[in-house]
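**Student:** According to Swiss-Prot, the protein carries these features:
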REPEAT    30-107  repeat 'Gelsolin-like 1'
REPEAT    147-213  repeat 'Gelsolin-like 2'
REPEAT    262-335  repeat 'Gelsolin-like 3'
REPEAT    405-475  repeat 'Gelsolin-like 4'
REPEAT    527-566  repeat 'Gelsolin-like 5'
REGION    739-849  region 'Disordered'
COMPBIAS  747-782  compositional bias 'Low complexity'
COMPBIAS  791-823  compositional bias 'Low complexity'
Amino acid sequence: MKGVDDAFLGVGDKPGLDIWCIMGSNLIAIEKSLHGKFYTGNTYIILSTVELKSGVRQHNVHYWVGEEAKEEDCLTASDKAIELDVALGSNTVQYRETQGEESDKFLSYFKPCIIPIQGSLSSHMRIYGDKSKDTTMFRCEGEHVARVTEVPFSRSSLDHKAVFVVDTESKIFLFSGCNSSMQTRAKALDVVKHLKENRHCGRCEIATIEDGKLVGDSDAGDFWNLFGGYAPIPRDVQDTVMTELMTTSSKKLFWINKRNLVPVETNLLEREMLNSDRNYILDCGTEVFLWMGMTTLVSERRTSVTALEDYVRCEGRQSNARSVILTEGHETVEFKMHFQHWPKNAVPKLYEAGREKVAAIFKHQGYDVTEIPEDKPRHFISCNGSLKVWLVDNGSVTLLCTEEQEQLYNGDCYIIRYSYIEDGKDYHLFFAWSGLNSINEDRVAAASLMSGMIDSVKGHAVVAQVFEGREPEMFFLVFKSLIIFKGGRSMAYKNFVSQRSDANGWYQKNGVALFRVQGLKHDCIRAIQVDLAASSLNSSHCYILQAGGSFFTWLGSLSSPSDHNLLDRMMDKLCPLKQSLLVREGSEPDRFWEALGGRSEYSKEKQVKDWPADPHLYTCHFEQGLFKAKEVFSFSQDDLVTEEILILDCVEELHIWVGHQSGVLSMEQALDIGKMFLQAGIHQDGRRPIDTTMYIVTEGDEPRFFTSFFNWDYSKQTMLGNSFERKLAILKGISQKLETPERSLRKSSSSSLPRRSPGTSSSEPTTPEQRAAARTFASASTGKLLRERSPAALSPSLSTPSPSPRSRSSASSSPASWNSTPSTVARRLFPPSLHASAEAVATGTPRRL
């Protein structure tokens, strides 16, 4: 390929990493056994290739710059990154990674950590300047990725907010600053394990030291003797430069004209401001983006990259501003969030296109292929469980009989409990289902009553909030067949309808009604009553038309033979003693159209199935009155830490995982967190409906349909203690002697958060500023509820460092207790004022149904 280095030819075809080291103007491929070993005197290019479930390959290009790298190598790396982008069809996202300031995405490729090696790598693979020391000291930060920096072996390198690892000849010490989080301490243990296995061949002692703990601890004495004895650690100093960058709300947009930056004057950023024949720089403080139009030349892109580096250098922000390079059509979520409106991408439906190509190949080879079987859905629950359905009515519930539990009304709300046995354990899956026309009073009651019903069962319970029209496949699997009628039976809904004198469309046994029939093959079938009009038809589906005592079964021209079989089965359910008239699309009799109120236009395009979405994991927490979410890249089971609440985002549904020590005490609190997450708009296509399905999974109760997203180790599921204690027990090979934590969601049947209608929000972000800043966002209503830290805790008169908002342990406010062990306090997601009321509810007698 012209203008592309030969080293890039044929790369990116397989998932994984490809790494090259810059040697002058040449690229030296790094073998896989050496991946993760970076030298401070070199610059590297890293290609990450991931195959999405849609079959599309996603490419991310990073060029890593060591702190001692040559300037000419940095320029070569940026040019080669452009060449690699061209070789891959100009659909990559490029990141400039500076040693010590790497992105979480980059660090996630090299778990447990990367520890840059002093010196450089020559073209003959000889190491220069590799310094071997008897004792080395590392500073560790980060909760889901470890940021490891070698620091001088000195007492002055210690502080209260980080975790430090001191590696000696015979023992590895881990020192936890009193303001470090429990997650950071646990992640630092991964670094300790890495050093033990790679530098000591697995043979060395491990000692953990707590900041301020001296009395009766021989390991602490040995640790401080390394520094010549104990001395107080100075108070932490806040990084004012980074704070200013993070708090600034101003954004600057420039278009690049022959390496000159021309400001674009605007108050709000809109997608229409970006022209395809230009390149732009968007400065957002902590991140600086280069957006390249799809019609720009390669030479223009190289000039723009140079302009970007000049801009960051002139601003003096090489070390604290991350550069991201994008091509039009391949923008990241972080970039889109800075714009007021960003249109939804028109993505080719490769999933269905591939199926059609396979069918064409078989037909060409002489096979009679009328239909390629669809992929059978993956079922992770037993289909032999027991089902119970309750109607929510006037603040209470009524158990439906077996004959009625497969008939729901769209004006009502229901609680569904599906109980089944899995791996010898009892599981209970609760759904709070809200009909499309149900009223807010019943919706709120359904969520509250379901929360109280959890206490009535033994075993593992998972709850879900589901809305009509957005049900997951899991919901329909628990029903053998399901019919959803128009109308309602609850008193609140009937009163609402009577006040409006609007009962048109309610299902009448001998009336006229139209049902759309769908189903999961061989598993379940459903019929949903739709508006009685020809416009409700769709060529991709089959329908049952009830016209008094007569029935029509209508076959859409794009429906499949399996759809026709489902239609016959539903006729036996809906009207078992009636004969129906089979009608194919295009040959309808006049009385068919008369029953529908006349002919009209309807959708005749094939409904294309979206490919399965790739899941993304986010950690959520409150910080200084703000609710924030941050993506966890290359996630695993170990990222489900007990002190946190995490959201597994599968686009069509959310799985809200609640750790025992997260501080979330009720189902309603967890649901509110899910609503805030949906309102933030961090998904690729922006904000999603508030009625997206949300599962609440409590630590220890994980069902198989959740664990299937992980390489699950069930022995870890039963471990006790905080995340640091659990990982330390594994590392030392000792058995735990800890009490079983109380499962808070089983104890609370109400929430102290204000309840909202599922279709409304008390505070929805509408500006880019509210949606931006590294996937962090705020909820104004929740911010008012959060109580800020006491000014006394931040008093400058105190010599001990004050706990950070993310601290799990705090130093005493008394100078006399400087040398005492700081008490470990689990960070609570919600502030104490909210917990007090939630705990008061938890101590009351649970509602029995």
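Note that Cβ sites are derived from N, Cα and C of the backbone, with glycine treated the same way.
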**Student:** Limited to the repeat 'Gelsolin-like 3' (262-335), I'd like the whole-number average of pLDDT.
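**Tutor:** Mean pLDDT for the repeat 'Gelsolin-like 3' (262-335): 90.
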**Student:** In the repeat 'Gelsolin-like 3' (262-335), how many residues does DSSP put in helix, strand and coil?
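**Tutor:** Computed counts for the repeat 'Gelsolin-like 3' (262-335) are 23 helix, 19 strand, 32 coil.
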**Student:** Could you give me three numbers for the repeat 'Gelsolin-like 2' (147-213), the DSSP helix, strand and coil residue counts?
**Tutor:** 21 helix, 22 strand, 24 coil
**Student:** Counting each residue once, how many in the repeat 'Gelsolin-like 5' (527-566) are helix, strand and coil under DSSP?
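**Tutor:** The counts are 9 helix, 17 strand, 14 coil.
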**Student:** For the repeat 'Gelsolin-like 1' (30-107), DSSP counts of helix, strand and coil?
**Tutor:** 24 helix, 25 strand, 29 coil
**Student:** Pull the DSSP breakdown for the repeat 'Gelsolin-like 4' (405-475) and write it out as helix, strand, coil residue counts.
**Tutor:** 20 helix, 31 strand, 20 coil
